[in-house]
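Taken verbatim from TrEMBL:
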{"type": "ACT_SITE", "residues": "His537", "note": "active site, proton acceptor"}
{"type": "BINDING", "residues": "Lys127, Gly193, Thr222, Gly223, Ser224, Asp401, Met407, Leu408, Ala409, His410", "note": "FAD binding site"}
{"type": "BINDING", "residues": "Gly259, Ser260, Gly261, Tyr262, Ile263, Gly264, Leu265, Glu266, Glu282, Gly355", "note": "NAD(+) binding site"}
{"type": "DISULFID", "residues": "Cys118-Cys123", "note": "disulfide bond"}
{"type": "DOMAIN", "residues": "81-416", "note": "domain 'FAD/NAD(P)-binding'"}
{"type": "DOMAIN", "residues": "435-546", "note": "domain 'Pyridine nucleotide-disulphide oxidoreductase dimerisation'"}
{"type": "REGION", "residues": "1-20", "note": "region 'Disordered'"}
Amino acid sequence: MQSSLSLSSTSLSLSGSHRTLSPPLASLRFCGLRREALGFKQQQNLQRQRPSLLARASNLAPVSASADSGNDSPSTGGFDYDLVIIGAGVGGHGAALHAVEKGLKTAIIEGDVVGGTCVNRGCVPSKALLAVSGRLRELQNEQHLRKMGLQVSSTLYDRQGVADHANNLASNIRNNLTNSMKNLGVDILTGVGTIVGKQRVKYGKIGLSGTEITAKNIIIATGSIPFVPNGIEVDGKTVFTSDHALKLEWVPDWIAIIGSGYIGLEFSDVYTALGSEVTFVEALDQIMPGFDPEIGKMAQRILINPRKIDYHTGVFAKKITPAKDGKPVMIELIDAKTKEPKDTLEVDAALIATGRAPFTKGLGLESVGVATQRGFVPVDERMQVIDTNGKVIPHLYCIGDANGKLMLAHAASAQGISVVEKICGKDNVLNHMSIPAACFTHPEISMVGYTEPQAREKAEKEGFEISIAKTSFKANTKALAENEGEGIAKLIYRPDTGEILGVHILGLHAADLIHEASNAIAMGTRIQDIKFAVHAHPTLSEVLDELFKAAKACY
């Protein structure tokens, strides 16, 4: 559910007093959505008239595939398409654009709206809300402002204006994604996609016969939906999922958030900034499970304890009843281990943030001998779908949340690109341990690779030692200039080889800083090499510079 801004293949040349950035802006690549998603087009399309970026997604029509890139375009071999992608989220979009770049005749099927969960109900609108909560926190922190010589008399917000900001951002990105695919010659086919046999797909409205097409290769990219445990009644108003919460139809005085992972933590940041009191209900024994324990403890001290947040751990929400007839939302808690009754909460609202479930029902997988596992489509390391006999099905792939390998938007995009590379004859195996994750709270949390307990377990099994290095944001000039010295960066590595096993960051712009570490892991860069990299001063990037230099290795 997370996005970041990245630049690829850029170079900086200096000549006298003049600076020239090359290549131009249109060739840059923006997050998982890529450059075309923000309105930029390929050089080959510069002579075409640019469609309006305000074209509505509901007016989509099939567009003739015309990838006139001039590169080695494989023949469709009697198929309607070289590649058909079921699902037009970030993963499907990334795969489609890369396929066109490779000269593949490509179609993408979308039964809802282009952009999927990330753009419409996930990382994009949530970041708009978090941007507001971040600004509010700055303006409300009188002590922080006073240290910088600033005074603000009062801070107010307009709920509808905040909601509109999130909705408008999602709409703009959605339209840009649609236009980017149209401009590059991807056929956008509206309807629900179903596999009806080997290399055959049908699409159309539910209940109608639909249209059948053939494809040399098929990618499933149907994403996921919010997971709602049994016993929880969702009415979309007082008991709701993240899909509803992003609309920000109201701000409750007291809201219970069921689950304290990424989604729950980010929404606690938003709601407390807007004035709500928050109660976490967590099934595991500690708050914020999944984070490195040391980072989690520090995050609790910064993100939980000072705010209007309390929590219950080691308990399940057995039953949640929406507010009605003047009664509040009722939450019955039971012990997660013994299942004995523990407590009953009465709150104004409940947000269900218990994770996500794959959206794979009705795909017709049985027609090719595939059975899902807890809803996930089984795949190998190359995203090739595996049938019930454990054999790979040729020309059928599954990426993103639907395969369950790593439920992040940018992971789906990376998997899609990897699949297209394989289709075009370049074997590509994605290193999932190099894919970063981020939680966009204030301050942010980011991570890549193993947590310390995971690394120690791996070291014990494989017979090697690990070492830990840390550095603080309090030693960083730029962080201190921003009066944002709270934070830490942690490195887990092998002292015998210099291999980076994991990096975890809590602090200002942690989500942006993590990519140096993730790229190092992806490229196999060792501590002994990366510690000689030069970082501009004074910048937050020096947090990573000091972290790598602090590593003591025996190589």
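Placement of Cβ uses the backbone N, Cα and C atoms for every residue, glycine included.
Note that TrEMBL annotation is computational and uncurated.
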Counting Cβ atoms within 10 Å of each Cβ, the densest environment among the binding-site residues Thr222, Ser224 belongs to Thr222
Compute the C-alpha separation of Glu282 (NAD(+) binding site) from Met407 (FAD binding site), stating it in Å without decimals. 20
Tell me, if you would, which residue among Gly259, Gly261 (binding-site residues) has the fewest other CB atoms within 10 Å in the structure shown? Gly261
In the structure shown, with every protein chain counted, which of the recorded positions Cys118, Ile263 has the densest set of Cβ atoms within 10 angstroms of its Cβ? Cys118
Which ones in the same chain are close to His537 (active site, proton acceptor), with CB under 8 Å and 6+ residues apart in sequence? Thr477
Residues sitting within 8 A of the centre of the Gly259, Ser260, Gly261, Tyr262, Ile263, Gly264, Leu265, Glu266, Glu282, Gly355 CB atoms (NAD(+) site), not counting those, run Ile257, Phe267, Met288, Ala353
If you count the other CB atoms within 10 A of the CB of Lys127 (FAD binding site), including all protein chains displayed, you should get 19
Tell me, how many other CB atoms lie within 10 A of the CB of Met407 (FAD binding site), whichever protein chain they belong to? 22
C-alpha spacing of Leu265 (NAD(+) binding site) relative to Lys127 (FAD binding site), in angstrom: 13
All chains considered, the count of other Cβ atoms within 10 Å of the Cβ of Glu282 (NAD(+) binding site) is 24
Between Cys123 (disulfide bond) and Ile263 (NAD(+) binding site): CA-CA distance (Å): 10
Would you kindly give the Cα-Cα distance separating Cys118 (disulfide bond) and Thr222 (FAD binding site), rounded to the nearest Å? 12
Quick one: Cα separation, Gly259 (NAD(+) binding site) versus Ala409 (FAD binding site), in Å? 20
Starting from each candidate's C-beta and looking 10 angstroms out, tell me which of the binding-site residues Leu265, Ala409 has the most other C-beta atoms. Ala409
Residues Lys127, Gly193, Thr222, Gly223, Ser224, Asp401, Met407, Leu408, Ala409, His410 binding FAD per the record - widest CA separation, whole Å: 30
